[in-house]
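The Fe cation binding site feature in TrEMBL is assigned to 100, 102, 121, 138.
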């Protein structure tokens, strides 16, 4: 459920210049490059501002780290990206495609794994109902460590 006044997430496979305009942002080179990078990577990875900055440099884009942070803040305010602050790590970003999912964070590597479980969702609704509540929204993060071979 979105907060009052929040803009709806962008759906579909590819975001375009009209998606930026639709949320009230001017189309600029830094915004388009950061959006393209998030689109390419955030299906599989959650990216920090520093990750984005390094990848832009690797591709020959001279976009400063301060600009990356500013654009990500604008994208978050416009409802284009979700920002996560997992314990013990830096903020990471992913495109907001509108679907709900939960996260597991590998405590040794910081790697973030997305997952969906209708059983967990149902159980959370049952727990809220048992206590006389309706679940409005939630965030579930599991901190995990790979099992060691024996």
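Cβ coordinates are placed from backbone N, Cα and C, and glycine is handled just like the others.
Overlay of TrEMBL feature records on the structure.
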residue: 100; record: Fe cation binding site; Cβ contacts under 8 Å, 6 or more apart: 116, 121
residue: 102; record: Fe cation binding site; Cβ contacts under 8 Å, 6 or more apart: 114, 115, 116, 117, 120, 139, 140, 141, 142
residue: 138; record: Fe cation binding site; Cβ contacts under 8 Å, 6 or more apart: 124
Exercise. Within 8 Å of the Cβ centre of 100, 102, 121, 138, which other residues of the chain have their Cβ, at the recorded Fe cation site?
Worked result: 101, 116, 117, 120, 124, 139, 140
For this session: Sort residue 138 (Fe cation binding site) into helix, strand or coil using the DSSP assignment.
Result: coil
Problem set entry | Protein Cβ atoms within 10 Å of residue 121 (Fe cation binding site), excluding its own | 15
